[in-house]
Amino acid sequence: MDETLLDDIIRRLLATNNGRTVKQAQITETEIRQLCLASKEVFLSQPNLLELEAPIKICGDVHGQFPDLLRLFEYGGYPPAANYLFLGDYVDRGKQSIETICLLLAYKVKYKFNFFLLRGNHECASINRVYGFYDECKRRYNVRLWKTFTECFNCLPVSALIDDKILCMHGGLSPDIKSLDDIRRIPRPIDVPDQGILCDLLWADPDREIQGWGENDRGVSYTFGADKVAEFLQTHDLDLICRAHQVVEDGYEFFAKRQLVTIFSAPNYCGEFDNAGALMSVDDSLTCSFQILKASEKKGRFGFNNNVPRPGTPPHKGGKGR
């Protein structure tokens, strides 16, 4: 993709933020198609299980909350000042899924070895057809463009390993993973199936109430207990599981004696929750720290601070689309 055009798309997306309101970006359908095509090539040129190195900043669900994505970059540093890994769920729910996904794809194409995107359960046609992205594409462009995004999403990697010690995914563990090679072997492009390793990586949830594997209230995949986290880490010689997929009150929340962390980066999610959002920084020694996007009653006035861990709040249980 032409470097000058790419830089101009990024400039236009960032220019939507004038300090108080965030306007819609003026990007043509042709430009978005080029962006999808270029990013698809980059995704397929890199493994399905990305092998990354610290230092890196990790973000959870963004869900079309474009002003909050810009705030994440304001506090973490705009690329390439910092390396980033996003854990999926870029679209649906929020008002500006198109700006959100376009900026992330543009950064991916421009900084392919410093900026990484994983697939979330909402990067799937059957889900984002229902929860807002399809309607936004149809209203602002056309259904053809939604299909182009779908083809791009089907090529996203599904997991990342940081310095052989921190395993990241959108959802959670799978009872079918015997070796990390099982993740590497998942073919692409691929739609998200109703069961199996790919489904579980995008849909599974930890559950404090159980041991072993349980039924998931979402109607998809499983829940897993702290014992399964400890067992998985020991088997694969890992230190931490890092995932997203659930709203947590403080933006991040530990599980299983700090062997798993949930990160959620959309504060005041959907305007219905009073949750904070978080950004996790992993330094060279693999020490994790958090920057918090505080919850706020007034949209557009979030504060940030470094937060010490507080007692965890129970994960919200919700329907299939959350």
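Just so you know, the numbers here start at 1 and follow the chain as drawn.
Each Cβ is built from the backbone N, Cα and C atoms, and glycine gets one as well.
Of the residues proposed, ASP89, ASP92, ASP200, ASP207, the one Swiss-Prot records at the same Mn(2+) 2 site as ASN121, HIS170, HIS245 is ASP89. Comparing HIS122 (active site, proton donor) with ASP89 (Mn(2+) 1 binding site), their Cα atoms are 5 Å apart once rounded.
Listed in sequence order, the residues of the same chain lying 6 or more apart from ASP61 (Mn(2+) 1 binding site) and placing their CB within less than 8 Å of its CB are LEU87, GLY88, ASP89, GLY120, ALA244, HIS245, PHE264, SER265, ALA266, TYR269. Around ASN121 (Mn(2+) 2 binding site), the same-chain residues six or more apart in sequence whose CB sits under 8 Å from its CB are GLY88, ASP89, ILE127, HIS170, GLY171, VAL192, LEU202, TRP203, VAL220, HIS245, listed in sequence order. Secondary structure at ASN121 (Mn(2+) 2 binding site), as computed by DSSP, is coil.
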